[in-house]
């Protein structure tokens, strides 16, 4: 834009090479706070606190900022449209430009606000200072503890070994051993439910009159394997707790809670054996002990520490909780409507030829849910013509309702997978360095 005829009556803003001419009257009440602050500057020092440079002769203020972003912001404050992100520009960079000129995230369009929130959440999750390779060196430089530096490096190495399976060769070996223990424990748990396995265990106990193998879960062959696996998991959890930086944060992590839920049932069952006596047959008949033994299935979730696929699934569910709630609401609303209509058409209109499977709305809810998910077990089905027409509408509606939020969940899953792959590749570089050394 051209300069005004009177230099005293107008000022020039030079933003990244783009020049804008404004009158001083407009400058006073300009919507951008940083620009309006120029009107109150009384000295060159005050001016340089607002802008990067100042030319007194041409009355020109220089701002070393993104010119295209400022153009979008200027169009917005002049009332020429809505504020959206500039093309081919990072959302965080554009947001920094907004903060610099005096705008907030609420000025953005709703779709851009969602993009900004997702990007900020991803950045906070995966690129925090604690995960940066140089974070440890910066902490040592700030503390200045030359003697404590080797111990900090050793603790950081231990943390990465236990928390990041791809960070080093030792971490990969440790992760492989942990996966083997998980697989063995799952195989033993599944085999212990077989009738032949339980019959053989009962015969072995009956051969010993002194109940030699009933002193605890760790005396039978399967109990020995279980005890070894539990010992490994317990030692791993204790070591990870000891070397963790923040003990409270360690306890709050979901995977650590799952580890605790997988380990505690074994010790509770051992404690019940000691307190209630030696009759293991009587104890196993109890519901409490059977529930505790089945809680060992949580060991499978421990594989999430070592496989990106399970980590991606958990992170996707965490980020898409709104979409998951929306999907649940869709299903519940449709289930309430179709179950009431199906109960009326199949049982409520003609009591003589009524379908006994649809005697109540809760019973009809089961048929609705298996029809909407296109499972169709065939255990109950409509027999009247209106009921069958309603069943077809229910199936088609289920396909449409389930497909609506899937697109959002799919895109989030792909994004989470690529981010976790990038994080894994970053730690794999340290593994390559270890091989070279």
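Any Cβ shown, glycine's included, is placed from N, Cα and C.
According to TrEMBL, the protein has these features:
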type	residues	note
DOMAIN	9-119	domain 'BTB'
TRANSMEM	169-194	transmembrane segment
TRANSMEM	223-243	transmembrane segment
TRANSMEM	255-277	transmembrane segment
TRANSMEM	297-317	transmembrane segment
TRANSMEM	324-345	transmembrane segment
TRANSMEM	357-377	transmembrane segment
TRANSMEM	389-413	transmembrane segment
*For the transmembrane segment (389-413), find every same-chain residue at least 6 residues outside the stretch whose CB is under 8 Å from a CB in it, and list them.*
312-313, 316, 319-320, 323-324, 326-327, 330-331, 334, 338, 341-342, 345, 368, 371-374, 381-382
_Cβ pairs under 8 Å only, please: of the recorded stretches 169-194, 255-277, 324-345, 357-377, which one is richest in them relative to the transmembrane segment (297-317)?_
169-194
*Which listed stretch (223-243, 255-277, 357-377) has the most C-beta pairs under 8 A with the transmembrane segment (169-194)?*
223-243
*Can you give the mean pLDDT for the domain 'BTB' (9-119), rounded to a whole number?*
85
*Per Cβ pairs under 8 Å, the stretch of 223-243, 255-277, 324-345 packing most closely against the transmembrane segment (357-377)*: 324-345
